[in-house]
Structures are given as C-alpha cells and as structure tokens.
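*Asks:* Have a look at this one.
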Amino acid sequence: MGIKGLNAIISEHVPSAIRKSDIKSFFGRKVAIDASMSLYQFLIAVRQQDGGQLTNEAGETTSHLMGMFYRTLRMIDNGIKPCYVFDGKPPDLKSHELTKRSSRRVETEKKLAEATTELEKMKQERRLVKVSKEHNEEAQKLLGLMGIPYIIAPTEAEAQCAELAKKGKVYAAASEDMDTLCYRTPFLLRHLTFSEAKKEPIHEIDTELVLRGLDLTIEQFVDLCIMLGCDYCESIRGVGPVTALKLIKTHGSIEKIVEFIESGESNNTKWKIPEDWPYKQARMLFLDPEVIDGNEINLKWSPPKEKELIEYLCDDKKFSEERVKSGISRLKKGLKSGIQGRLDGFFQVVPKTKEQLAAAAKRAQENKKLNKNKNKVTKGRR
C-alpha cells in the first residue's frame with residue numbers, strides 16, 4: 001500500500017528532492033528492485049489485446065515472465081545492473097492489513113459476478129490480481145537462467161533493498177512503495193519497471209534531501225509516515241496529511257501528539273486515537289527491520305544459460321524462439337560489456353544545506369507560477 005499522501009507532501013514542500021530523469025541517466029548504476037511489486041505491475045499491465053492476461057497453450061499465466069524478461073532486458077540495454085529482492089514472511093503486525101485486503105477481495109469478487117459490461121469485468125479482474133508463490137518461484141527460476149542475482153528477504157523486500165543501498169552494494173532501491181524511504185535508502189527510484197510506452201520519467205527521490213527539506217529526523221519522518229497511514233497499523237482518525245505534518249513538526253513525536261490530544265489541549269473532538277495502537281512496534285519495523293546484513297551479500301551477474309533459458313521460455317512457456325534468442329543476445333552483450341565508470345564516482349557529493357534547499361524550493365515555486373502565467377497569456381491571445 002505504501003504511505004498515503006507522502007508523495008504529495010514531498011512534492012509540495014521539498015520539490016528539489018525529486019529528480020525526474022530518463023532511464024539513460026542511470027547508466028552504470030546497480031539497483032535493487034522490489035520484485036513482488038514489479039511482478040504485480042507485470043500481471044496488471046502485460047496483457048493481450050482483449051485485456052486478458054498472457055497465457056500459454058496450457059492456460060498458464062505468463063504475463064509476469066514476459067514483463068520480467070523484457071523489462072530486465074531494457075535495463076541491461078541502458079547500462080543498469082538490476083538485482084531483484086523478493087518478499088519473505090510478512091511481519092506479524094501486517095496481519096491486520098492482509099485481513100483487510102482479503103475482505104476487499106471478497107467484495108471485488110461479488111462486484112465481478114454482478115458486472116454486466118466487459119469494461120467493468122476487466123476493471124474488477126485487475127483488482128483481483130495477486131502475486132502467488134508460483135509466480136515468485138517462476139520469476140526466480142527465470143532470473144537464475146538469465147544470470148541476474150536475486151535475494152529472498154527475511155520479511156519486507158523494500159527493507160532489504162534499502163539495506164543493500166545503505167551498504168553501498170547498489171546505488172538505489174527501486175519500488176513504487178513510498179515506505180521504502182522509511183528504511184532510509186539513500187535514493188528511491190519509482191517507475192523504473194514501467195512500460196516504455198507509458199513515457200513516464202523515472203522519479204529519483206533523495207531521502208536525505210527529504211529529511212533536510214522537511215526539517216525532520218529519520219525518527220520523526222517515520223512517525224509522520226505512521227500518522228499518514230502505513231501497512232502496519234491504523235492512523236489517528238480525522239488527521240489528514242497537512243495536519244499530520246504540522247503536528248509532527250510542532251510536537252516532535254507520536255507520544256507527544258497522543259499526550260496533546262488526550263489532555264484536551266487540541267480542542268478537537270474529531271481526532272480519535274486507535275485503541276491499543278501499536279505505533280511503537282510499527283516504528284521499530286521501519287527503524288530496525290529484519291534484513292540480511294548488506295555486507296554479507298555478494299551480488300554477482302553471470303552469463304545467461306542460453307540452452308536452459310530457451311527450453312524454459314520457448315519449450316515450456318511457448319514464447320517466440322526468435323524473440324527469446326534476440327533477447328539473449330542483448331543480455332549477453334549487456335552483461336559482457338560490463339559497467340563503465342561514472343564521472344560522479346570520482347567526486348565526493350556534498351549534501352545541500354537548508355538554505356540551498358529553501359532556495360531551490362523557492363525557485364521551483366516561482367517557475368510554477370511563471371508557467372501558469374505564461375499559459376494564461378497564451379490562452380488570452382487565442
């Protein structure tokens with residue numbers, strides 16, 4: 001699910017922390033990718049012309065394999081070395097969220113049964129998409145044959161991706177879930193595995209710039225995210241994103257906010273603190289997640305196992321042999337050529353000061369107003 005409203009807060013208060021770039025900008029980078037999130041995207045987006053999932057002659061779903069194979073090739077073509085991280089066992093605190101998701105599935109199944117148009121059926125079918133154990137195992141087999149490293153995290157994939165980035169094994173964590181920032185990955189890449197046809201730029205979010213720009217410690221930032229709404233527990237009812245940020249900046253922690261509300265000083269009867277609220281446990285899952293120490297992980301990209309890959313994709317899954325062989329050639333070329341060094345690897349990056357961040361944010365707001373005024377003038381001339 002991620003963190004509700006976090007992207008909007010960062011976009012408004014620290015726009016300079018989000019850099020929008022073409023995939024070519026990440027040439028020479030190693031990236032840890034949230035595999036479970038990617039597989040979900042592929043199952044949703046990689047479809048036949050009639051809107052149904054891709055299947056082979058035996059009726060087995062192949063959308064996830066098609067997406068994994070070709071999106072990985074696209075990264076390799078652009079000089080990126082991807083590694084994938086799969087979810088392990090979900091934390092116990094996530095059981096409430098998983099129960100809610102199961103309830104929503106039951107409701108969606110009812111709506112699907114009642115749907116009268118093909119468009120409505122397709123809409124409900126996509127809401128029922130779920131990454132299964134079999135999908136994960138098939139994707140892991142594919143990656144192994146491609147020579148692309150993957151890791152099965154003890155619990156949350158995003159936490160393990162962040163750990164790899166923090167220990168310098170990769171440049172960034174890639175996921176659509178904004179909660180990846182709570183694990184303090186140096187950089188979060190969003191939209192990396194999107195289809196090229198979408199023409200959506202990759203959003204690179206700098207965690208340190210976010211913290212500096214919001215003037216929050218990582219502990220306060222995590223508390224803000226819990227207040228906004230995360231997968232681990234409920235948030236205070238009646239408190240929206242704007243108020244949540246204001247409360248954290250004023251009081252500094254959830255403990256102080258709870259005291260403020262319970263004392264009656266807030267004069268707001270609409271704010272309701274959840275009963276037995278496990279925010280402290282949620283906080284620790286973000287600040288001290290269960291991960292494999294990044295220093296103990298050795299990521300290795302190997303030549304693809306050409307014969308086995310053709311057997312798996314073409315013989316078993318009925319992919320086009322011509323296209324698969326072409327893909328293997330691209331893969332061999334990309335992995336063999338290695339990764340050239342980047343110029344910025346020779347220089348120390350100096351963090352921006354609060355004054356520089358404020359100036360950048362001011363410039364961004366001024367440019368926004370200027371563009372609005374230009375649009376008004378253009379419309380007036382018409």
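Backbone N, Cα and C atoms are what each Cβ position is placed from, and that goes for glycine too.
These came from Swiss-Prot, pasted as-is:
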REGION    1-105  region 'N-domain'
BINDING   Asp34, Asp87, Glu156, Glu158  Mg(2+) 1 binding site
BINDING   Arg47, Arg71, Glu156, Gly229, Asp231  DNA binding site
REGION    120-251  region 'I-domain'
BINDING   Asp177, Asp179, Asp231  Mg(2+) 2 binding site
REGION    339-347  region 'Interaction with PCNA'
REGION    358-382  region 'Disordered'
COMPBIAS  370-382  compositional bias 'Basic residues'
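If you look at the structure here, what lies around each of the features I listed?
*Replies:* Following the DSSP three-state reduction, the secondary structure of Glu158 (Mg(2+) 1 binding site) is helix.
Its own atom aside, the Cβ of Asp177 (Mg(2+) 2 binding site) has 22 Cβ atoms within 10 angstroms in the protein chains shown.
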*Asks:* Nearest to Asp179 (Mg(2+) 2 binding site) in three-dimensional space, by Cα, is which of the binding-site residues Asp34, Arg71, Asp87, Asp231?
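*Replies:* Closest candidate to Asp179 (Mg(2+) 2 binding site), judged by Cα separation, is Asp231.
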*Asks:* Of Arg71, Asp177, Gly229, Asp231, which binding-site residues come within 10 Å of Glu158 (Mg(2+) 1 binding site), going by C-alpha to C-alpha distance?
*Replies:* Asp177
*Asks:* Mind telling me which of the binding-site residues Asp87, Glu158, Asp231 has the densest Cβ neighbourhood, counting other Cβ atoms within 10 Å?
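*Replies:* It comes out as Glu158.
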*Asks:* I'd like the Cβ neighbour count for Gly229 (DNA binding site), meaning other Cβ atoms within 10 Å of its Cβ, all protein chains included.
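*Replies:* Taking every protein chain into account, the count is 20.
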*Asks:* Just checking, which of Asp34, Glu156, Asp179 (binding-site residues) has the fewest C-beta atoms within 10 Å of its C-beta?
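*Replies:* So among Asp34, Glu156, Asp179, the binding-site residues given, the one with the fewest Cβ atoms within 10 Å is Asp179.
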*Asks:* What's the CA to CA span in angstrom from Asp231 (DNA binding site) over to Asp177 (Mg(2+) 2 binding site)?
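*Replies:* Here the two Cα atoms lie 11 Å apart.
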